[in-house]
Amino acid sequence: LSVDVTGLVSQFARSFVLIFPVYVLGYLGLSFSWVLIALCGLFWIRRHRGGKSSRLGRALAFLEDEEEAVRLSVSSADLPAWVHFPDTERAEWLNKTVKQMWPFICQFIEKLFRETIEPAVRGANNHLSTFSFTKIDIGHQPLRINGVKVYTENVDKRQIILDLQISFVGNCEIDLEIKRYFCRAGVKSIQIHGTMRVILEPLIGDMPLIGALSLFFLRKPLLEINWTGLTNLLDVPGLNGLSDTIILDIISNYLVLPNRITVPLVSEVQIAQLRFPIPKGVLRIHFIEAQDLEGKDTYLKGIVKGKSDPYGIIRVGNQIFQSKVIKENLNPKWNEVYEALVYEHPGQELEIELFDEDPDKDDFLGSLMIDLIEVEKERLLDEWFTLDEVSKGKLHLKLEWLTLMPTADNLDKVLTSIRADKDQANDGLSSALLILYLDSARNLPSGKKINSNPNPLVLLSVGHKAQESKIRYKTNEPVWEENFTFFVHNPKRQDLEVEVRDEQHQCSLGNFKLPLSQLLESEDLTMHQRFHLSNSGPNSTINMKIALRVLSLEKQARSPDHQHSAQVKRPSLSKDARKSSFKPQVPISPTPDPSKPVPASPVTDGDKKTDTADKSQPANASPQWPTDLSRSSSSLHASNFSCSPSHLSVKEPTPSIASDISLPIATQELRQRLRQLENGTTLGQSPLGQIQLTIRHSSQRNKLIVVVHSCRNLIAFSEEGSDPYVRLYLLPDKRRSGRRKTHVSKKTLNPVFDQMFDFSVSLPEVQRRTLDVAVKNSGGFLSKDKGLLGKLLIPLASEELAKGWTQW
């Protein structure tokens, strides 16, 4: 037996120091309070020293990494957008300018209320003839711009796109009254927060260099209003949300995409084309199924866990779709299809949220955000996506980007693909998009009463879909200047029906019908003219511009080595404040028959087919990996430079790798490969095999993203092959927390990983770092088969790091 004498003496001394003061207090007959006083003094000294060391540590950390220190000390939810996203810049100079201009902006708003809004309200109805604003005070607190983002990629050279993060918290007072009914109401404060897009286009070669200015919100802003007077009733719980929603809908009709305010700066600019541009494309969303969702329904106060009743909410800009509810199922199959218009894909995302339907409040099952720029590049994505903000769950989507073609050359092919050439129905998947610009009407009849001006509106319908214009009061020559879009199933058989009605007397002022087949014979599938109205006055016409665009799915050709890596935006704060990130997902096998689904409705005919499909596939079935790599494609562009030794340099010499391999068969294969390299055979610069990587820096997340796709021609550690995995370091950081590892691929020399890793590092800093990549053999527990298969050092000082590259 061995005895640690030093440790024993040290332990005895510590015990003596603790017990001896107590003995002295008892020997002297002193109170026990002295022990408490001594302990309090000891704790105070330790806390004081701890505070000093903590302050010193924070100061050193601030000197070492200022940005990270600020992030840790301030709550991320309280930080403005320019802190989270490096490409969002501060705009203090703009805020100071707005503050200086604010009194004059308030004068303009007051003039707008009194000279434009007040007469419009008075003329809308006889009961509002005494309507007036008694006080208009916008307040002294100016509008604030928290951040500005300028888009430099994926934009036209003749336009400038800016996103302004605006915030207005105003102590305004707007009072109004209707004297006839002694009614007074008003607003005492308004809060509005949102992202406003400003587009400067077209850029011209003459002063003022900008042809027009367009303003709109990408999505509905957050709004909160405090009412006064009679409208104070709207602050009652239940009514306040309703009132804010109604006002938001009014704002959406003017300022939320696709609506916008356009200010022409040059007279020659085509204002209609800028105010109502043609959509960039159509996104077809196949909302197929989900797997392994969380069970939110519980019984006996949570003791017994049940399943969920999942449904999905899909958002694209201002367009919202809701799927059907699947009862008591954690692996639901919806098989529904939705079609959404995309006007501004820079900054616009596909947002999906899953919920569990409950009688009181629906439970959250996960969310997903997908960048539409990547969908446009890929044209077709058919993948399983991991749900965010939950511990488990996957969602299967098929996304198609449909291009708007101004010719009918591919129409028959499109009709065949959706089987619209055989059925006689007027609904289903769309083959074309009808875009209609309603300008004005002339010489409308008076309606039921002679010598009285009507209140005209226009009803437009294509098949079972109908839309309605705004009402123009007391005029027989109304000007609407509105834009409408219709999804068309088969333009060869469907018609556009237009009817002008008098809202006041509920009677028709004229109508006409236009077969869409006439558009197919027109130049660029477009007609711009005055159409004569039937059942109306002799000279009654309506001015419209109508364009038809064929929806075409153009699949891009890919090289055999092109790997697909879907980019998914992920929330970094909360469900209410979503920020972007990226994650690759797993492609699935063959796509379903496109003829079966119908937009916004289930593909299957009934519940029996769904039950059969559920039985044929296990509930816990996982997505299948593609066996043919040439069928998948990458959403990241490959760089132009080749895989040269200067770019992909191996720092350690080959003998150090060979010394790490202990098995004779591996050593023999390595020597054989090196001998082939010396003889100049086909192995070239890769005697130990190759690894395919995608490397890019995300400016939105301020992170370096590395996607490990696969390896090929690795060294065999045994007769059965190797068990390879990939280890990553971002040098010079070699701490355990900085290490990234893939899963182990068993008994293969050509493993497929398709895993994404990220490193929190800014773009200027990452260009001074080096990526250390090592392919290792795992082996079993306590196995001697562990070792290094190959190593690679990649300098990241490349200007194309922001764009990214994929290569072997």
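Using the three backbone atoms N, Cα and C, a Cβ is placed for every residue, glycine included.
Please treat TrEMBL annotations as automatic predictions, because they have not gone through curation.
Model, not experiment: these values are computed from the prediction.
Annotated in TrEMBL:
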type: COMPBIAS; residues: 587-600; note: compositional bias 'Pro residues'
type: COMPBIAS; residues: 630-644; note: compositional bias 'Low complexity'
type: DOMAIN; residues: 87-266; note: domain 'SMP-LTD'
type: DOMAIN; residues: 265-385; note: domain 'C2'
type: DOMAIN; residues: 410-535; note: domain 'C2'
type: DOMAIN; residues: 687-808; note: domain 'C2'
type: REGION; residues: 556-655; note: region 'Disordered'
For the domain 'C2' (410-535), what does DSSP give as the number of helix, strand and coil residues?
14 helix, 57 strand, 55 coil
To what whole number does the mean pLDDT across the domain 'C2' (687-808) round?
83
Residue distribution over DSSP helix, strand and coil in the domain 'C2' (265-385):
12 helix, 59 strand, 50 coil
By DSSP, what is the split of the domain 'C2' (687-808) into helix, strand and coil residues?
10 helix, 61 strand, 51 coil
